[in-house]
Amino acid sequence: MTLSLALVALLSAFGSSFQYGYNVSVINSPAPVDFYNRTYFDRNGVPMDSGFQTLLWSLTVSMYPLGGLFGSLMVWPLVNNCGRKGTLLINNLFSVAAAILMGTSELAKTFEVIILSRVIIGIYAGLASNVVPMFLGEMSPKNLRGAIGVVPQLFITLGILVAQILGLNSILGNAKGWPVLLGLTGIPSLIQLLVLPFFPESPRYLLIQKGNEEQARQALRKLRGWDDVDDEIEEMRQEDQSEKEEGHFSVLSLCTFRGLRWQLISIVVMMMGQQLSGVNAVFYYADRIFQSAGVDNNNVQYVTVSIGAINVVMTLIAVFIVESLGRRILLLAGFGLCCVSCAVLTLALNLQVRKWENCLWDFQICNYLPGPIPFVMITEMFLQSSRPAAFMVGGSVHWLCNFTVGLVFLYMEAGLGPYSFLIFCAICLATIVYIFFIVPETKNKTFMEINRIMAKRNKVEIQEDKEELKDFHIVPGVSK
């Protein structure tokens, strides 16, 4: 691990992934709800109906993942035309714009601006959640790809924790401080906008998509800390040869290409399992869930902060063990523990457990779910020609499921009560079964080696001299 690689990983994750987590949790503060009620009363002279308030707040929460879906749909064209680093720099404009709008919403006396801003910051998060893992995965050596791939998730959990701390009533989670709380999201973007230009672009993008081997060599030398980068350049040339034969995959051609069928299905299943595991429901509506479990109102926020801290610690541990245990074990263990914790949470809510320590233990397990692994797997299971389209598909599934949870969870809770989490439990169980039988281990393997493994499952041939996937039939929709 060189200083340059460590710095670009930390800067990319802080400037992008941190804000993803921050905006997941910051909306949990009750202060903006009071602002909605006051604004509605000032306009109409009557209090807001409780049903309308539930609808407005569900929209406020769910507009963030809806924006994330829109952002994911922009990944493929942006990363192919502007590069990975260029896309991250452009993306910062969304964050700064949203921060300004949210920070001034109280002065403008309009809660509609907050809802609009949640869409804009969601677009930012949708792009960031896909581009950062792609950027770091392509820059990392194979022995560090998993550990560096977990760094974005570490900063997501840090963002969640910082939002929970700043959202305490005694800090910014009050009637005077909440506009600042929402507007602070723009600061990491400004830092990234100023510093990231001094770091190299993805070497794989420079060589394979831009055709500039000299710039790719320079970027690799800076990232690796030594001059001899011929082995990695040769591996990239093999991918480049494959890309010349396959062309750039669009989303349509990716979905119809037999040689990547099981890779695509696996990514869709893992993304759905990740987002429908119940973890996001916890973060979006943490205070409400703890109150349902009987936690005292004065302690709810502190319990939530404790959970955020435990989540950071568990993710930090994942950074150090992902290369030793492997991706597959972490996926199975994470979904398994999440399945158990959803069942325990259902029991706790049914019994109205009033000792918050019991709920804390339950959520500690639930938040162990290794969220970044599916994004790491997209980088590893797809070659350069299909990777942007794969991230676009995976990211769209990720945010569509996130949007669904944010929008319908309050209604699920109203209809099913404590049994809501049994649905998440069943989804986790189904995901475990799929991973156990289908998903291979990718630890310490090159991109081409992983494609050989998946070729056998897809029942396609590999032409060894070019090390590429070949379908038995003409590939529809693929440019030549």
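Think of each number as a place in line: the chain as shown, counted from 1.
Cβ atoms are placed via backbone N, Cα and C, with glycine included.
The domain 'Major facilitator superfamily (MFS) profile' feature in TrEMBL is assigned to 9-443. Over the domain 'Major facilitator superfamily (MFS) profile' (9-443), the average per-residue pLDDT in this prediction is 83.
Here the signal peptide (1-17) has long-range neighbours at 88, 91-92, 128-129, 131-132, 135-136, 139-140, 144, 148, 151-156, 159, 188-189, 191-193, 195-196, 199-200, 222-225, meaning same-chain residues at least 6 beyond its ends whose C-beta is under 8 angstroms from one of its own. What TrEMBL records for 1-17 is signal peptide.
Here TrEMBL flags 55-76 (among others) as transmembrane segment. Residues 23-24, 27, 32-33, 36, 48, 87, 94, 111, 114-116, 118-131, 250-251, 284-285, 388-389, 391-392, 395-396, 398-400, 402-403, 405-407, 410-411 of the same chain sit 6 or more residues outside the transmembrane segment (55-76) yet have a Cβ under 8 Å from a Cβ within it.
Beyond the ends of the transmembrane segment (88-108), by six or more residues, the same chain brings 12, 15-16, 19, 35, 71, 78, 82, 114, 116-118, 120-121, 123-124, 127-128, 131-132, 135, 178-180, 182-190, 192-193, 196-197 to within a C-beta distance below 8 angstroms of the stretch. What TrEMBL lists as transmembrane segment is 88-108 (among others).
The feature transmembrane segment is assigned by TrEMBL to 114-136 (among others).
The transmembrane segment feature in TrEMBL is assigned to 148-172 (among others).
The annotation transmembrane segment is assigned in TrEMBL to 178-199 (among others). Long-range neighbours of the transmembrane segment (178-199) within the same chain, counting only residues 6 or more positions beyond its ends whose Cβ lies under 8 Å from a Cβ of the stretch, are 4, 7-8, 11-12, 14-16, 18-19, 22-23, 26, 29, 31-32, 35, 85, 88-89, 92, 95-96, 98-100, 102-107, 114, 117, 121, 124, 163, 166-167, 172.
Feature annotation from TrEMBL assigns transmembrane segment to 264-286 (among others).
Residues or ranges marked as transmembrane segment in TrEMBL: 302-322 (among others).
For 329-349 (among others), the entry in TrEMBL reads transmembrane segment.
Residues annotated as transmembrane segment in TrEMBL: 361-383 (among others).
As annotated by TrEMBL, transmembrane segment applies to 390-412 (among others).
As annotated by TrEMBL, transmembrane segment applies to 418-439 (among others).
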For the transmembrane segment (114-136), what are the same-chain contacts with Cβ under 8 Å, counting residues 6+ beyond its ends? 8-9, 12-13, 16-17, 19-20, 23, 27, 32, 56, 59-61, 63-75, 78-79, 84-85, 87-88, 91-92, 94-95, 97-99, 101-102, 105, 148-149, 151-152, 182, 185, 189, 202, 372, 375-376, 378-379, 387-388, 391-392, 394-395, 398-399
